[in-house]
Amino acid sequence: LIAIIAAGYVITINWGTFIWAVTNGHVLQSSLGYYINPLVSILLALIFLKERFNKLEWIAIGLAVIGVLYMTLKMGVFPGISLLLAGSFGVYGLIKKIVPIDAISSITIECIVTAPAGFIYVWYIWQNGGLSFGMNSSSFWLIFSGAVTAVPLILFSAGARRIPLSLTGFI
């Protein structure tokens, strides 16, 4: 249960970081994070799950590392946001891989555990006059996007248990 609770907060950190980064002009770092993520998943798979790779896979991994390093150096700033996004989603994938609970139950527990923090955040924004939520189509789509996001997350959770973690990073 502790691992599922951790997973809920790890994915919350991932989403919160992504939303903050995009709304504050760090789109390039956000994108780079999702290029780094497969490498993080591979590293976690090597360390924690003892996954092994053949010669061609090592060549592909090496080329990916070179590409990510090139993009990082070209960006010209320390990729802190990128590393946080890649690391948090990599850890989320690792937790989903090792915890023996079905996807729907896992996501349900994650939502129940993280909802209070979300409500506190929304209340804080509302108290500071930053909440503009009403009966319009934008508000409807914002609410509906949560449900739409749940479907791929459930499918990711189900798939993560069935395939190697290193492959999960690439999907």
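FYI, residue positions are counted from 1 along the chain as it appears here.
A Cβ is built for glycine as well, from the same backbone N, Cα and C atoms used for every other residue.
Just so you know, TrEMBL annotations never went through curation; they're auto-generated.
Database features, via TrEMBL:
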| type | residues | note |
| --- | --- | --- |
| DOMAIN | 3-72 | domain 'EamA' |
| TRANSMEM | 32-49 | transmembrane segment |
| TRANSMEM | 56-72 | transmembrane segment |
| TRANSMEM | 78-95 | transmembrane segment |
| TRANSMEM | 107-126 | transmembrane segment |
| TRANSMEM | 138-158 | transmembrane segment |
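Long-range contacts of the transmembrane segment (138-158) within its own chain (CB-CB distance under 8 A, at least 6 residues past either end) are made by residues 11, 93, 96, 102-104, 106-107, 111, 168. By number of Cβ pairs under 8 Å, the transmembrane segment (56-72) is matched best by 32-49 from the list 32-49, 78-95, 107-126. Confidence over the domain 'EamA' (3-72), given as mean pLDDT on the 0 to 100 scale, stands at 95.
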